[in-house]
């Protein structure tokens, strides 16, 4: 009988890293929520409403945040998927049916998220990348590492192709600004259902949109796959389970990793205007190193005293629910059908808002997990995966014991 992994099987540092990564992702996404997709590429009207305060904050985000925390989150997804697969194998249980149900459900969640809540979804990309990673699962850790390095190399080469990273669909951005500022909720759904990011569809055909969206997602899979593979390699190596054995080496390597990451990200931080191929390459190189730096720092701190990081672990245990909650709250704050603050706060206050919302999520997650084992969306996902309503309250677990 296939059974879900229990709470005692979780690795504390993974939940903490996942929880902190959600804060970084929210800070990076706050610019897109407030200024649209174009705002993530070039300064737009209202972005520097508070002058140098906004400019300095934006520089900080481009250097230390952009690409780094979503890369860290991608690493965690690959790690978690491999860990789950290997534990099923240890119990001599078939993983394939569970994987495919779990991944198809994630794909559906992603589609619903894109259509009804927010365009900047990552769930659909992750589900498609997971399907690709599944083919690499039989590899030993050496094979996973070699595959990751090859994929990183291919990704770097794509960044050198002229026009990669440039905005390809000006029609999309101009139409998006109108919808974000003044559109009703119905207008938002219609816009997302008929416009793709690469400009194949210009609002006339949902069918054409689907092909454009598919093409965009395939390119997104290319950028995510290397960290999925690297996460799988680290999971197979069991570094986090026995991190105390590697802590001294990690402390020695940290400054080097951090300096490489910061140095590689500098072109992105100083870039003005639309993305260039060198700015894209800057992110492709710098983001993984900074992600590794952040993740290792957190793992080291947790190894010295995990109880101090429990609030972040609670957010990480409910990462799916908290990710969707961030989308709901920020669209209601910035979009025309909510408070309508689109483009009005500036970058700095957008970051302060992100920190405030995250603090609220820390509180809500801690309260929720006093009574429940997992988050509400995690419960729906798990129940669908195992085709049976799973226990959610802690009383249910106690009764089974």
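Cβ atoms are placed via backbone N, Cα and C, with glycine included.
What TrEMBL lists as transmembrane segment is 20-39 (among others).
Positions annotated as transmembrane segment by TrEMBL: 59-79 (among others). Remote same-chain residues near the transmembrane segment (59-79) are listed as 14, 17-18, 21-25, 27-28, 31, 122, 126, 129-130, 133, 224, 227-232, 234-235, 240, 261-262, 265-266, 268-271, 283, 286-288, 290-292, 294-295, 347, 351 (criterion: CB distance under 8 Å, separation of at least six residues from the stretch ends).
For 99-116 (among others), the entry in TrEMBL reads transmembrane segment.
Per TrEMBL, transmembrane segment is recorded for 122-139 (among others). Through the fold, the transmembrane segment (122-139) approaches residues 70, 73-74, 77-78, 81-82, 85, 99, 103-104, 106-107, 109-111, 113-114, 147, 217-218, 220-221, 224-225, 228-229, 232, 323 of its own chain, all at least 6 residues removed from its boundaries and within a Cβ separation under 8 Å.
Within its own chain, the transmembrane segment (144-161) has Cβ neighbours under 8 Å at 136, 222-223, 225-227, 229-230, 232-233, 236, 277, 280-281, 284-285, 288, counting only residues six or more beyond its boundaries. Per TrEMBL, the feature transmembrane segment maps to 144-161 (among others).
Per TrEMBL, transmembrane segment is recorded for 214-235 (among others).
Here TrEMBL flags 235-388 as domain 'DUF418'.
Annotation source TrEMBL lists transmembrane segment at 251-271 (among others). With a cut-off of 8 Å between Cβ atoms, the residues of this chain six or more beyond the transmembrane segment (251-271) that come close are 59, 62-64, 66-68, 278-279, 281-283, 285-293, 296-297, 300.
What TrEMBL lists as transmembrane segment is 283-302 (among others). Proximity of distant same-chain residues to the transmembrane segment (283-302), defined by a Cβ-Cβ separation under 8 Å and at least 6 residues beyond the stretch ends, is recorded for 12-13, 16-17, 20-21, 24, 64, 66-72, 75, 152, 155-156, 159, 223, 226-227, 230, 240, 243, 247, 250-251, 253-254, 257-258, 260-266, 268, 309.
Taken from TrEMBL, the feature transmembrane segment covers 323-341 (among others).
Among the features that TrEMBL reports, transmembrane segment is placed at 347-369 (among others).
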Query - Predicted model, mean pLDDT over the domain 'DUF418' (235-388) - result: 93
Report summary line: Same-chain residues at least 6 beyond the ends of the transmembrane segment (347-369) with CB under 8 Å of its CB atoms are 22-23, 26-27, 30-31, 33-34, 47-48, 50, 53-58, 61, 310-312, 314-315, 317-318, 322, 325-326, 329-330, 333, 375
